[in-house]
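Asker: Below you'll find the structure I mean.
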Amino acid sequence: MESCYCIEPQWPADELLMKYQYISDFFIALAYFSIPLELIYFVKKSAVFPYKWVLVQFGAFIVLCGATHLISLWTFTMHTRTVAVVMTTSKVLTAVVSCATALMLVHIIPDLLSVKTRELFLKNKAAELDREMGLIRTQEETGRHVRMLTHEIRSTLDRHTILRTTLVELGRTLALEECALWMPTRTGLELQLSYTLRQQNPVGYTVPIHLPVINQVFSSSRAVKISPNCPVARLRPAGKYMPGEVVAVRVPLLHLSNFQINAWPELSTKRYALMVLMLPSDSARQWHVHELELVEVVADQVAVALSHAAILEESTRARDLLMEQNVALDLARREAETAIRARNDFLAVMNHEMRTPMHAIIALSSLLQETELTPEQRLMVETILKSSNLLATLINDVLDLSRLEDGSLQLELGTFNLYAVFREVFNLIKPIASVKKLNVSLNLAPDLPEYAIGDEKRLMQTILNVVGNALKFSKEGSISVTAFVAKSESLRDPRAPEFFPVPSDNHFYLRVQVKDSGSGISPQDIPKLFTKFAQTQSTATRNSGGSGLGLAICKRFVNLMEGHIWIESEGLGKGCTAIFIVKLGIPERLNGPRLPFIPEVSTSHGPTAFPGLKVLVMDENGVSRMVTKGLLVHLGCDVTMVSSSDECLHVVSHEHKVVLVDVCVPGINGYEIAIRIHEKFTKRYERPLIVALTGNTDKVTKEKCMRVGMDGVILKPVSLDKMRSVLSDLLEQ
């Protein structure tokens with residue numbers, strides 16, 4: 001009996017089931033063998049997969065499973081022992097690989113899960129990055145719109161153009177149905193509809209500014225969503241539609257207070273305009289965050305542009321006002337200059353016209369005084385002469401005051417004998433004091449310099465005015481004049497805080513005190529003394545005469561000499577003391593130690609008459625010409641008179657020693673005559689002395705006379721003594 005290695009089935013096999021199992025094992029084996037091929041392809045193509053050896057092990061497991069199923073195909077029929085051994089070996093290997101794969105998966109699954117976690121994290125990060133990129137793109141888009149809107153808004157500084165442009169650009173950029181701007185009224189209690197996007201002519205109605213919705217918007221710097229049915233959002237016609245979302249934002253307004261060109265105006269945070277923006281109706285569109293940010297940025301830009309426009313408007317208004325003021329000031333300046341020219345012309349004419357008759361009165365009175373007169377006649381002539389001199393002084397005061405006020409008067413600085421000035425003043429007032437029986441004393445300090453630098457004429461006029469006032473208001477008693485160098489501790493006066501004397505080696509301060517025992521002055525009247533045309537209210541003052549110009553002019557002269565003047569008095573009937581301080585220069589090598597000055601009447605060493613002196617007088621005024629001739633004839637001169645410049649140039653010859661020329665003549669004036677005479681007589685010893693007759697006391701006239709070659713100037717009116725003194729000085733030179 002042959003041996004058999006077949007396995008006997010325990011139960012009979014169903015042929016049909018066996019057939020299905022056979023077919024299934026075949027396809028399972030086919031699938032098992034195809035999957036490793038696919039894994040091998042995946043491992044070969046994948047360069048980043050970290051578990052290639054796991055796939056190789058898993059592929060071996062699948063191959064063994066497939067081999068097991070493939071070998072089992074031979075077990076459905078009678079098979080040999082070899083098939084059974086192969087089948088057993090295949091199943092053992094499959095079991096080993098399966099267990100090893102299962103154990104390996106226990107270690108691999110956590111890693112795979114962590115990879116999945118990282119994958120999910122990366123996906124979340126990618127989504128977040130996408131959102132950030134979208135936000136960046138949105139911000140870039142918003143920035144582009146903001147730049148575009150800012151450029152459009154700031155392309156003009158006109159308030160209305162800025163607001164209209166803002167509404168149009170916002171409506172176009174955000175596709176708005178309506179955009180409106182509510183502006184505060186002048187009272188600040190209401191908001192008025194001022195600008196809209198769709199309506200060409202805003203209705204202009206108002207709403208109270210204290211509405212809750214308005215307070216809500218004004219209290220926030222962000223764009224606020226508001227109800228479409230609130231009063232500020234009712235801008236669309238009524239209809240059957242679903243209103244779109246509405247937002248409102250505040251627009252700060254610049255409040256100008258105390259605006260100045262050189263100072264930044266104050267910005268008030270309590271005044272706002274309200275901008276309302278509406279999305280289209282019957283749409284599901286909503287406001288996005290980037291759109292709200294765009295609205296907020298645009299509102300800020302509009303506020304900046306409106307502030308610039310407001311500043312420009314105010315600066316333009318200030319400039320226009322300044323231009324108007326400049327025009328008015330220029331007109332006032334021209335009118336003032338015209339008035340000054342008219343005044344100067346009037347004064348020049350009146351000066352000439354008044355001095356001409358005064359010249360006649362004083363000259364004829366002085367000539368009449370030289371004749372045989374009865375005591376009564378002599379008294380009348382002296383009264384006429386004194387009154388004429390007073391009138392001439394008044395004319396000089398008016399002209400000096402006029403030039404002091406317009407600033408045209410300048411000091412004529414020069415070196416002069418300070419003692420001689422006081423001596424001359426003393427000699428002038430001594431006859432008047434003798435008549436009034438007043439004791440006049442002059443005290444000059446031993447350390448007072450003999451020579452000084454300053455305006456001799458103005459200083460003498462100041463001293464004479466102050467002493468003259470003392471004579472005028474003193475009926476009895478005495479008058480003392482004291483002069484000394486002011487010490488530094490006595491210079492400052494609390495009554496004149498603007499007076500700041502500065503000691504120096506090149507100058508000194510002269511202090512003059514004139515004390516009288518006259519009628520005195522009440523303390524309340526002292527400030528009025530230095531006001532022009534002012535008179536005190538005391539009876540003595542009112543009955544003393546005077547124009548009220550003397551002390552006013554003295555004060556201006558003292559100010560020009562960098563000094564100070566004031567009056568002291570204890571009251572009416574107690575006399576007064578006039579004190580002034582002036583600044584004088586110290587000349588070199590002229591001053592030395594001097595003995596105390598004793599006043600005495602000076603004697604004239606010049607001739608009292610000039611017999612045979614040939615003088616040519618040119619004056620277009622017949623009266624003035626005759627008066628001048630009378631003075632010269634009385635002095636023994638041989639006088640020739642002419643009335644015109646042409647006649648003067650024709651008559652003048654080398655026999656004439658002196659030519660008196662009136663500088664104010666029609667035709668060729670006195671300056672041109674002097675030039676022609678110089679041209680006619682080229683040799684100095686043949687040319688006569690040329691003397692100007694003028695009524696102008698200003699420095700310009702004297703300088704012009706000297707510039708054209710004149711030898712002297714005689715100021716009208718001229719008395720006999722003055723004519724004698726001038727001729728004596730000319731002939732001595």
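From the backbone N, Cα and C atoms, a Cβ is placed for every residue, glycine too.
According to TrEMBL, the protein carries these features:
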- CYS65, HIS69: Cu cation binding site (BINDING)
- ASN469, ALA470, LEU471, LYS472, ASP516, LYS532, SER547, LEU551: ADP binding site (BINDING)
- LYS716: ubiquitin cross-link (CROSSLNK)
- ASP662: 4-aspartylphosphate (MOD_RES)
Asker: Check the Cα-Cα distances from ASP516 (ADP binding site) to the recorded positions CYS65, HIS69, ASP662, LYS716 and tell me which is shortest.
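Answerer: With Cα distances computed to ASP516 (ADP binding site), the winner among CYS65, HIS69, ASP662, LYS716 is LYS716.
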Asker: For a quick check of packing: other C-beta atoms within 10 Å of the C-beta of the residue listed as '4-aspartylphosphate', how many?
Answerer: 26
Asker: Let me know the most crowded of the binding-site residues, choosing from CYS65, ALA470, LEU471, LEU551 and counting other Cβ atoms within 10 Å.
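Answerer: Top count of Cβ atoms within 10 Å goes to ALA470.
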Asker: Find the one among the recorded positions HIS69, ASP662, LYS716 whose C-alpha lies closest to that of ASN469 (ADP binding site).
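Answerer: Going through HIS69, ASP662, LYS716 one by one, the closest to ASN469 (ADP binding site) is LYS716.
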Asker: For LYS716 (ubiquitin cross-link) and ASP662 (4-aspartylphosphate), determine the Cα separation and express it in whole Å.
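Answerer: If we compare the Cα positions of LYS716 (ubiquitin cross-link) and ASP662 (4-aspartylphosphate), the gap is 10 Å.
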Asker: Tell me which of the recorded positions ALA470, LYS472, LEU551, ASP662 ends up closest to HIS69 (Cu cation binding site) in space, Cα to Cα.
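Answerer: Comparing Cα positions, the closest of these recorded positions turns out to be LEU551.
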Asker: For LEU551 (ADP binding site) and ASP662 (4-aspartylphosphate), determine the Cα separation and express it in whole Å.
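Answerer: Cα to Cα, LEU551 (ADP binding site) and ASP662 (4-aspartylphosphate) are separated by 32 Å.
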Asker: Inside 10 Å of the Cβ of HIS69 (Cu cation binding site), count up the other Cβ atoms and send me the figure.
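Answerer: Excluding its own Cβ, HIS69 (Cu cation binding site) sees 21 Cβ atoms within 10 Å.
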Asker: Rounded to the nearest angstrom, how far is the Cα of CYS65 (Cu cation binding site) from the Cα of LYS472 (ADP binding site)?
Answerer: 155
Asker: Between ALA470 (ADP binding site) and CYS65 (Cu cation binding site), find the distance joining the two CA atoms and give it rounded to the nearest Å.
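Answerer: If we compare the Cα positions of ALA470 (ADP binding site) and CYS65 (Cu cation binding site), the gap is 152 Å.
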